[in-house]
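Per TrEMBL, these features apply:
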- 20-40: transmembrane segment (TRANSMEM)
- 63-82: transmembrane segment (TRANSMEM)
- 102-122: transmembrane segment (TRANSMEM)
- 129-154: transmembrane segment (TRANSMEM)
- 160-178: transmembrane segment (TRANSMEM)
- 190-213: transmembrane segment (TRANSMEM)
Amino acid sequence: MLPAGSPLRNPEGGLVPSPFLTSAVAVFAIFFLVLGWVYGRSVGKIGDARDAIGFMAEAIKELAPTLVLFFAISQFLAWFKWTHLGEWIAVGGSHLLDSSGFGGIPLVLAFLGLVTLMNLFITSGSAQWSLMAPIFVPMLMLVGFEPAFVQAAYRIADSSTNIVTPMSPYFSLCLAFLQRYQKDAGIGTLASMTIPVALGFLLCWTLFLILWMELGLPIAPGVGLYLD
């Protein structure tokens, strides 16, 4: 990014957009690859390239379930795009919202409620977003919301209620740890502990989001709440 004439800077000045941001994945991949190689050599864990390949293979094993999930999701998205069903629902939904005058903060609250409800049954955040994004991102774009804002609202609802659904594998894990210290604890015991926390998170984050909308603050550098 330095000096001012760096090829990674925006030719017109500024950071957004710039070649640095568009190639951020490659830049960070090279950075952590070099960092990991130097650390591995310094502690004696990596002797040659074969050792590094072995560590990379072990890391991929942990990602295998996610890769399989993404394969299934990609097939769903391909069929969804081929049928144009997402576009049909998005356009129809946006016309319905326009004709009803339902928008602004009430629309965002309704979206949060829908995500919260679905999150009780679909515990994978990436899977749920892959199902909802093809419909709700274009639908809310057509009524003026920035896609980044839609995802921010989604994350508020998704993160708040992950701890209360028994369908989450982490719920069972938490229950096992709880039973170490309270032998008679069950699902109801854990739910009675997590539901107030989840509702507190959801309420605080929702109020924070409403305040953010009222102040008109940007979501990120160069990204506002609404489309121009």
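Any Cβ shown, glycine's included, is placed from N, Cα and C.
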Give me the stretch from 20-40, 63-82, 102-122, 190-213 with the greatest number of Cβ pairs under 8 Å to the transmembrane segment (160-178).
-> 190-213
Sequence-remote contacts (6 or more beyond its ends) of the transmembrane segment (20-40), Cβ cut-off under 8 Å?
-> 1, 8-9, 46, 51-52, 55
Thinking of Cβ pairs under 8 Å, which stretch from 102-122, 129-154, 190-213 has the most of them with the transmembrane segment (63-82)?
-> 129-154
By Cβ distance under 8 Å, which residues at least 6 away from the ends of the transmembrane segment (190-213) in the same chain are close to it?
-> 104-105, 108-109, 112, 116, 152-153, 156-157, 159-161, 163-164, 166, 171, 174-175, 178, 225
